[in-house]
Structures are given as C-alpha cells and as structure tokens.
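**Q** Copied straight from Swiss-Prot:
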- 22-111: repeat 'Solcar 1' (REPEAT)
- 119-210: repeat 'Solcar 2' (REPEAT)
- 219-309: repeat 'Solcar 3' (REPEAT)
- 28-48: transmembrane segment (TRANSMEM)
- 79-99: transmembrane segment (TRANSMEM)
- 125-145: transmembrane segment (TRANSMEM)
- 185-205: transmembrane segment (TRANSMEM)
- 225-245: transmembrane segment (TRANSMEM)
- 281-301: transmembrane segment (TRANSMEM)
Amino acid sequence: MSSFNTQNKNVLQTPIPAPTPQSQLKQFVIGGLAGMLSSAFTHPIDSLKVRMQLQGEGTGVGPKRGALKMLVHINQTEGFFTLYKGLSASLLRQATYTTTRFGLYDLIKDIVAKDDKPLPFTQKIMVGMLSGAGGAIVGTPADLTMVRMQADGKLPFNLRRNYKNVFDGIFRISKEEGIISLWKGCSPNLIRAMFMTAGQVSSYDQTKQLMLASGYFHDDIKTHLIASTTAAFVAAVATSPLDVIKTRIMNSPKTVTGELQYKGTFDCLSKTLRAEGFKAFYKGFNPYFMRLGPQTILTFIFVEQLNILWKKSQSYFK
C-alpha cells in the first residue's frame, strides 16, 4: 500500500508523494499476487474451518468436533488431501477479490487524501469498507465455487456437486442455476468483506503508521509482523459471524419443496440464532483465526517484499 513504504519517523506529518497511474496499477497487481501466494499456504486450514462451520447446521445436534478432531475425522474418512479441494477456486478468488480490494484501497485513499497527508483512521475504515465491497462483488463467484468444493465431502454421495475445478464449477452453476446464482451469498459476503478490509487493511495501515511514528520501530519485518498480527485479530473477531452466515448460505441446497434453505442474510442469522445460539457464529473460530492470522501475516509480508522488489527493479532499469 502506498503508505506502507515509508521509513520516516515523522510519518504522521510527512506528505505522501502524489500517486501515478503506474503506481496505482502496481498495487492492484501486488495485492493479488500476495493474496494468491498466502492462500496457497493456508487453504487446508480454510477448508477445515468451512467443515466446522457447517456442523449441526439448522438443528444444533450432531458431533461437535474441535479443529484437531475434525482434522483427524477428515483424514480418516476422506483423506488429508481433501483439504486441498477448492484450491483453484481459492486462487481465483484471491486474483479477483484481493486484487480489487487492495488496489481500490490505495486508489480511493489517494483520491480522498487532502494536502497529500495520511488519512485519519476513521477515514481509513470507510475507505476499507468501500474497497472491501468492491472486492466482494468481483470475487463472490469464485468464493461461492470454493465453498462448495470445500464442503462437497460433507454431503451425501447423491448430492455432491463434484466440480472438476473452479472454471467447471462456475460454468455448471451458471448453466444449472442461472448466472445470477454465481452471486448467491453476495449480501453476507459483501458485508463481511467490508468489515474484513476495514479490520485488516485499515488496521495494518494504521498500526504500522503509529509504530513508525513512535520512533521505536523501523520499516522492517518485525514491524510488519506486529502490525499484521494485530490486523488479523481485529478482522477475525469482527468478521467470524458474517463468515459463518456466508458459508451456510453459499453451501445451502434447496429443500424438498424446491425452496432455498435460507431466504437471505437476516433469515440465516435468525434461524441460526434460534436453533444454535450466539456461539454458532463463532463455530470454527480457531481454524478461522489459524487461517486468517497466517494468511494476513503472509499477505502483508508478501506485499512489502513485492514492493521492495518493484523498487529495486525500477532502479535497475533506470
């Protein structure tokens, strides 16, 4: 991000250089690449989280397995590599969702900035929410396909979708359910993405800015680790309930009468709350944070390193 790469102690008061079209495009590309690289490492944890979120759905009964027991159960019944199902969709999701939200964050921030000075944190939150919404709209089709591929092993054999890959999944959803169905669950996904980007990108931006301004930290790996860990925790607490709702809506089959299991975000929220209680919204929180923590840390470290490589390449070709 444009404000991520400053080493000035007085970063709170230092004007930010005016952005160029090339630098703005670079942030879209770097954001997407960083998201894809981190997702390749954390996808099995995300699959584990999805399975845990779907436990006892609609009834509140049935096995309540923790992360370790669920991992052992999946390994025994389906094999460990089942956790890599949906990886192609996960990579496409990062290529669309993360590319858009990271790129838009810098783009919008540069537009609303006054006198080339860093934005107040409240404005960063608003920018984060706007860029998250844009990312969700672009990334929902891949996200929907990923959730279905991850959850397929939980369904009875006759109900499994058996998508070959993300593109096969998107094609079949469009053909069998209509193109609009690719945005099934977009509402909770959009809300989640708004809170995620505000909690994740804005928190990282602000935490790093304050750390550098204190004079006790430098723009190095230690600062990046602390800032990204803080951002991961804030984002996980804020978005876990929305992630559970999103997962359930995206994975929900039609009932025997042909109706959808959930009419929308608030219907899913109320049904889940009545049947399972508030704790249901934090089902799978441990693997959620175990995945979001490393993914957030890796994403921002990759962003920082890719920015360094970009600067070196620019000086090399001058």
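These residue numbers are counts, starting from 1, taken along the chain as shown.
Glycine is treated like the rest: Cβ placed from N, Cα and C.
Not measured: the values here are computed from a predicted model.
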**Q** Could you give the residue numbers and ranges of same-chain residues that sit at least 6 residues beyond the transmembrane segment (79-99) on either side and whose C-beta is under 8 angstroms from one of its C-beta atoms?
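**A** Contacts with the transmembrane segment (79-99): 28-29, 31-32, 34-36, 38-40, 43-44, 46-48, 135-136, 138-139, 141-143, 145-150, 152-153, 165-167, 169, 193, 299.
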**Q** Within the same chain, where does the transmembrane segment (125-145) have neighbours whose Cβ lies under 8 angstroms from its own Cβ atoms, ignoring anything closer than 6 residues to its ends? I mean 6 or more beyond.
**A** 86, 89-90, 92-93, 95-105, 107-109, 112, 119, 163, 166, 169-170, 173, 182-186, 189-190, 192-202, 246, 250
**Q** Considering every residue in the repeat 'Solcar 1' (22-111), what is the mean pLDDT value?
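**A** In the predicted model, the repeat 'Solcar 1' (22-111) has a mean pLDDT of 86.
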**Q** Taking a Cβ cut-off under 8 Å, which residues six or more beyond the ends of the transmembrane segment (28-48) line up next to it in the same chain?
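**A** Same-chain contacts beyond the flanks: 67, 70-71, 74, 82-87, 90-91, 93-103, 150, 284, 287, 290-291, 294-296, 298-300, 302-303, 306-307, 310.
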**Q** What is the three-state DSSP composition of the repeat 'Solcar 3' (219-309), stated as helix, strand and coil residue counts?
**A** 73 helix, 2 strand, 16 coil
**Q** Provide the three-state DSSP residue tally for the repeat 'Solcar 1' (22-111): helix first, then strand, then coil.
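**A** Once the DSSP states are binned, the repeat 'Solcar 1' (22-111) shows 73 helix, 0 strand, 17 coil.
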